[in-house]
Each structure stands twice: as C-alpha cells, then as structure tokens.
C-alpha cells in the first residue's frame, strides 16, 4: 500500500535540510578584508538603510563601490533595505555605517540565515508547492517537489555561500505557473519582477518569455487581429508598468542616476567586465568584437577606463 506522503511533510523536511546547511560556516567567514558574499549582502543592507537612494549605486565617500558595491537591480536593493530595516531594529550594530563592515557574530548569522529562509519560503518553496499540488500527482511524483525544493546547488549557494537566488527563481516559477493557467498578464508581472531582482533571469527571458511563449500567446488559434493586439497591449502594458513602478524612485531624482545604475549592472568596468555573472555576455561579445584590442587591459580586468 502506498503511503500518502503529504506535501506539507515534505516541505518541512526540506526546511530542516536547509537549516542544517545553514549551521555550518558560510564562505568567507573570518576571512578579511571582504568576508565573502555574506558580507556583501550585509553591506547592501548597511548602505540602503543609511544612505539616500541616489547614493546606493554610485561611488561616494560613504559608499566605496570597490567594497561590495551594489550591483543587482533595484528590487534587490529594496529587499536589502527592508531586511536591513528589520536588522537595525534588532541591533543597530548589524548595519551601522562604516563600523559594521565585517561584522560577524552568532546572533547576526542567525538573523541572516533566517532572512534567506523566509525569502525562500515566501517565493520559491511556496511556488513549487502550489505548482506540484495543482498537478494532483500521485505520491511518487510528490518527491519531485522534494528534489527541487532541496536542490543541492540552490541550497548550498543560498544557505552555504549566501545569496537570495530563491527570490528570483521563485518569481520566475510563479510566472510559469501563471502561464500554465493562461494568466499571461500576471506572468508578465511576475517575470518582470524576477528580472528586476537579478539580471541573470535574462537567460530565461529570451527563450521562454520574450522570444516564444508570451508573444505566441498573443495570437491563439482562431483569434481575430483586434483580439491579438489586445493581448499584446495587455502583456506589454503590464511589463512596462512593473518596470516603471520598480524604477520610479531612480527616474524621479536625476537623469544621470538611471544611467549610473544601468552601467553598474551591465558594464562593470570598475571591477572588470569578465568577472562573475556579467562575464557570459562580455565573453560572448568578445568572439565577434575583440574588446581586449579596443580597451586597455587594465580597464577590462580591474576596472579603470583609460
């Protein structure tokens, strides 16, 4: 007889596994001067709760971009601000400007771990739970939920290394859920939010959304041209509105601020364009346009344009 494993029990088991990983040290622990991505996430909280929004992405005396400068889209910055505001209420030392750099103690580590767990449950685990439950699969397929929600790569990166990839992946999964239900406007909103949390979601955008499904859904079989245009306008309006709301604080301050943020996200000369997640684009472009011949080697590896 097949044991009726409940998704709730499997979800709880997943959370226990994630908490088990978080007990161990994160990468960069006790390793000055930068202390790893754990310190990067803490530092972004420090910057966003202490500095005005126009200084979040630019180099100032209070914001040294070479020390874990903020380089993810605005939704990440807003999350850092929200989490940092909670941290400040718990203990101001967690995010005190300048003096909190490299801050490490058990209570703070517990707070940071819980912030990942809460984000994971709200966005990724909830989306996966809803999706698997809606399929009404047999018990053996419910283990797909366990395999994906406790995926070793995501768990180790978010809980061991220290990131919030669960948020962008969760928003993308919600977009897929809405697509499966024919709610294309909600799918556009969810995926736009994912893009504005981490620009790496652009990898999904070309094939799944912008390139194929959402555009193809504008012209269902047998539909009239006005109906197709209406669908296209709705999806486009939802996308533009989502971007406008998220970017509005940066658009209303100074004209140069928007340019500064975009340069920081996609053209990171200050830390080297062949570094980290932006490297894929620049390495691919380098096949066609020999960037190393156009720019000084120093400017593309460590960051100063000459």
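Note that Cβ sites are derived from N, Cα and C of the backbone, with glycine treated the same way.
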Taking 143-162, 263-282, 283-302 as the choices, which stretch does TrEMBL tie to transmembrane segment?
143-162
State, in range form, which of 7-26, 110-131, 174-195, 232-251 has the highest count of Cβ pairs under 8 Å to the transmembrane segment (143-162).
7-26
Apart from its near flanks, which chain residues at least 6 from the ends of the transmembrane segment (232-251) lie with a Cβ under 8 angstroms of it?
53-54, 73-75, 78, 184-186, 188-189, 192-193, 196, 214-215, 217-218, 257-258, 261
